[in-house]
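Engineer: Please see the structure below; I have some questions.
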Amino acid sequence: MSPRGTGCSAGLLMTVGWLLLAGLQSARGTNVTAAVQDAGLAHEGEGEEETENNDSETAENYAPPETEDVSNRNVVKEVEFGMCTVTCGIGVREVILTNGCPGGESKCVVRVEECRGPTDCGWGKPISESLESVRLACIHTSPLNRFKYMWKLLRQDQQSIILVNDSAILEVRKESHPLAFECDTLDNNEIVATIKFTVYTSSELQMRRSSLPATDAALIFVLTIGVIICVFIIFLLIFIIINWAAVKAFWGAKASTPEVQSEQSSVRYKDSTSLDQLPTEMPGEDDALSEWNE
């Protein structure tokens, strides 16, 4: 082999060696870069997972209020309740809307609902009464069959007697002595209203009716006198307002007359006082004048 061929083969080997080294370095750099990229992606994934977890925890901790609560608060602010129609037992009341009424109205009635007061309604009056019978009514609202009714005959110092009648209206025949009844209104076996009645005898009822006309006559007389006095005072005030100048002049003249009289009396008093204070004549001067005359 010639020296020239040997030099060419050596140069070729060196070139191939450098190419192999360059390939190994490039491959190693690619692996390192991939590893770094994979590590970065892993860290990014972990960061995203942590961010998502933190966001979920924040969302759980700071959850917005439920729409039902908000709607309920809005309803409370926009709705008012009217007065109950009764002071005891069962009645109705109006539900009034204060915002969002049709036609731009400030208030409008949305519905009518049931309302309840204290159960004890005391002593009531019958719906009708005659000399033979009387009709009593329990506390109720429409419809009548919604509630249950329990009538009792009250006895002094004894247990009450529960009657068979379970309707809202009870008709009682008058007897020789007064009677007392009680009606309990029940809703789902719960007493919601109680009222009592006194059933008088026919003679007591006649006496009560005979005493009423005298009371009514006295009341009418008092009311009539009161109305007449009020009308007279009103007309008097109107007359004074219309003729205020004449009234003022009249009262001015009335007021000036006592002043003139008081001034005259004071002048008279001063005159009488001055006359009383004049000096009397001296007795010596009278004697001198008499001697001179002689």
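Backbone N, Cα and C atoms are what each Cβ position is placed from, and that goes for glycine too.
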Engineer: Where does Swiss-Prot put N-linked glycosylation site, among ASN31, ASN165?
Structural biologist: ASN31
Engineer: Going by Swiss-Prot, point out which residue in SER26, SER176, SER203, SER256 is annotated as phosphoserine.
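Structural biologist: Record lookup, Swiss-Prot, feature phosphoserine, residue SER256.
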Engineer: For the topological domain 'Extracellular' (30-221), what is the mean per-residue pLDDT, to the nearest integer?
Structural biologist: 77
